[in-house]
Every structure is written in structure tokens, then in C-alpha cells.
């Protein structure tokens, strides 16, 4: 009994979500330990590179990304990317037990919504049309519509890095995650091109002689390294249960848009199937918003009764402590 390409992509995407969800928690614990022993990553420190738990999280994330990488070869982004919601569930549950970031009853409803939406997307996902060469992928990447999207994304990233990060990076979670998500959408299309090149090369149709293959590899490496840097800053500055869903929502939305523009994932599908996929995606987004909101209520309720989208209580305390030490010196705690 042969297994369809979409089924292979589905299995790999689920495995990937499990690894990535767990990696968030391990990296968060590693970042906390590193921050207690040296300069926090959120303010430019790299002490976490000496922390074994951070590396364990990195290894799990790499394994998850490899599985995700292969999944994109077999299935369209409109199927693979939304299944990343499962990583939010894994992350939220582990954070509840290991980081004491309490998962409330409405958070459970959010998790269920993510699962239901993912099932709807899987049922109505289109069959993948795999390009026959890297040159075909290159032609898709150089379409005017995708070039416009790429230029707009890179311009937004530059604005976030040069203007908004120095001013609002430590207080507005959308700055770091906006950079990660915009670059992530371009990373996915590059990784898909690399995966296709590897698959064809293993089948005996070498793609290594094409400069376009090495271009996609170079772009993917630069984008992935940049994403990891800003994701570390987001994890160190904000609550994990907030970072995971917001990152997922932004990354998934932008990736589906980029993939739809470049690979035309929805071409050939009828209106009802496309509508079902959109409804499934909205259900997943609703679940992530519910999960995000319930995780913020507890720390916010201890203050003035309002909900802040930006800095959690622990992060603000760290910032205030750093500022106090700067003014009075470390001997003030002795």
C-alpha cells in the first residue's frame, strides 16, 4: 500500500511540531539559567551559549526543522504550515508543568480549536505539484508578484531592525516576532526549493550545477541565523506562552501568503475546498488567540486589571533590576 505525498508531509509535520514545541521550553529554561549567571539574551548577552539545556533545545528544534524541511518537499505549505499549531499545544502543556505558566480552562479550549482547525485543513488540503527542477522554482521566485512580496518583506524587516527595535524591542513583542515571521516566510520558500533540489539529486537528476541552488542555500542560511537571533531575544524578554502563539499566527499567515503567491497552491481547487481551508485556518488562529489571552490574564490581573500585549511581569522586573543595578551598582544587593 503506497503512501501519498500529502500523508508523508502530514506525518513529518506532526513529528516536527512535537520537537519544536518541546524545544521552546528547553531553550526558555536554558535562557533563564544563563540570564541568572550573566547578561540576558534580551539585552544582547550570549551567556546562553554555555548552557547545556539551551543546546538541548536547539538540537530538538533542529530535528523538528529537519522534519519540517522534508515535509515541505512532499506537501504544500498550506497543509504543512498550519500544523505548526500543534507545537503551540505541546509548548503550552509543557510550560504549564515545567515553567509554572498556568494553562487555564479557556486555554484548553484554545488547544482544542487548534486541533479542530488543523483537521479541517488536512482534509481539504490540495495535492502538491512538485516542480521538476530548481530552474522551475527559480522562475516561480522571479515572478513580479513574488518579487514585490519579497521586496516589501525585506523593507519591513529593515524598518523593524533599524527604527523600531532600538525603541520598542523590549516592550512590544510584535517587533521581534515581526522580524522572525517576515524572514520566516521567505525562509520557507527557500527551504522548499532546497528540498526539491536534494530530492531530484538523490533521484539521479543533479541540481548542484545550477547557481540558483546555491543561491537558495545561501539565502536560507542567512535567514535562519537571523531568525534564531531574534527568536532568542523574544523568548528571553517575553512569556513563552505569549511568544509561541503570536509567532505562529504571524509566521503561518505570512508563509501561506508567500507560498500561495509563489507556488500557486490553490490553483485547480474549487471554491468550497479553498473556503474550508480558510475556515480551518481561522479556527486555528482563534485557538491561538484564546490560548494567548488566557495565559496573559493571570499576571495582568494582579496589576491594574488591564491586559498588556507587551511586557509580562517577570520581564519588567528584570528590566527594572538591570536599570537599578546600572544606577546604584551591584553592591546594593549585598
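Placed from the backbone N, Cα and C atoms, the Cβ positions cover glycine too.
Here is what TrEMBL says about this protein:
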- 6-26: transmembrane segment (TRANSMEM)
- 46-63: transmembrane segment (TRANSMEM)
- 69-99: transmembrane segment (TRANSMEM)
- 106-125: transmembrane segment (TRANSMEM)
- 145-162: transmembrane segment (TRANSMEM)
- 174-198: transmembrane segment (TRANSMEM)
- 210-230: transmembrane segment (TRANSMEM)
- 242-262: transmembrane segment (TRANSMEM)
- 274-291: transmembrane segment (TRANSMEM)
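When Cβ distances are compared across the two stretches, the transmembrane segment (145-162) makes no contact with the transmembrane segment (6-26), since fewer than 3 pairs at least 6 residues apart fall below 8 angstroms. Among the stretches 46-63, 69-99, 210-230, 242-262, 274-291, the one making the largest number of Cβ pairs under 8 Å with the transmembrane segment (6-26) is 69-99.
By the Cβ criterion (distance under 8 Å, sequence gap of 6 or more), the transmembrane segment (174-198) is not counted as touching the transmembrane segment (46-63), fewer than 3 such pairs being found. Ranking 46-63, 106-125, 210-230, 242-262 by CB pairs under 8 A with the transmembrane segment (274-291) puts 106-125 at the top. With Cβ pairs under 8 Å as the measure, the transmembrane segment (106-125) is packed most heavily against 69-99, out of 46-63, 69-99, 210-230, 242-262.
Tertiary proximity for the transmembrane segment (46-63) is limited to same-chain residues at least six positions away from its ends with a CB under 8 Å from its CB atoms, namely 19-20, 22-31, 33-35, 37-40, 232, 236. Listed by sequence, the residues of this chain that lie at least six past the ends of the transmembrane segment (242-262) yet keep a Cβ under 8 A from its Cβ atoms are 21, 24, 76-78, 81-82, 84-85, 87-88, 91-92, 140-141, 143, 145-146, 149, 153, 173-174, 177-178, 180-182, 184-186, 188-189, 192, 231, 234-235, 281, 284-285, 288-289, 291-292, 295-296, 312.
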